[in-house]
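Lifted from TrEMBL, the feature list:
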BINDING   102, 107  oxalate binding site
DISULFID  24-39  disulfide bond
DOMAIN    53-197  domain 'Cupin type-1'
SIGNAL    1-18  signal peptide
């Protein structure tokens, strides 16, 4: 019984700051932790803390013409501990968001304009769909997923996440920006050694 009581107390103490208070605007000058940032003193909170400005199209003038405008806890401290965040995604023609995961968040994509082909992978299946304005798609937490502008013009979407700080792990970066020996990466991915070396050079890897 004492063990159960101790576990119960640990669960309460480990919960986010916002679950104890009505809200907890992040003090981003302090260090982040697994339960979020410490709370900004209530005496220093204003209405402006609960508003995010600049949720507009980003600059897609780059080699992969994609721009992400995040409203995560670091940009929007009022989200601290609330388990939600958002972003705006803009893709010029040909823009691609490569395979990646959000280990701690489910993602909901709301298409604003253009045509986006999106999908996710599981160990047994692949799910993808070409979407247009007014369509939504959900990527379950931790699933490897992608988005591609498959239309003839620009495309954009709003993204929402079930985490104030969803993070992202890009598959290509994980595989080819590390310092593992190229021969080991080739062996464990079944790719040609020369191709691995080229990819490591492209993504800044060594070895």
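Even glycines carry a Cβ here, placed using N, Cα and C.
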Note to self: Can you give me the Cα-Cα distance between residue 39 (disulfide bond) and residue 107 (oxalate binding site) in Å, rounded to a whole number?
What the structure shows: 26
Item checked: Within the domain 'Cupin type-1' (53-197), residues counted as helix, strand or coil by DSSP -> 22 helix, 59 strand, 64 coil
Item checked: Residue among disulfide-bonded residues 24, 39 with least C-beta crowding, 10 angstrom cut-off -> 39
Notebook entry, point to check: What average pLDDT does the predicted model assign to the domain 'Cupin type-1' (53-197)?
Noted result: 95
Checklist line | Neighbour count (Cβ, 10 Å) for residue 107 (oxalate binding site) | finding: 24
Note to self: I need the CA-to-CA distance for residue 24 (disulfide bond) versus residue 107 (oxalate binding site), whole Å please.
What the structure shows: 23
Next item on the list: Tell me the Cβ neighbour count for residue 102 (oxalate binding site), meaning other Cβ atoms within 10 Å of its Cβ, over all protein chains shown.
Entry: 21
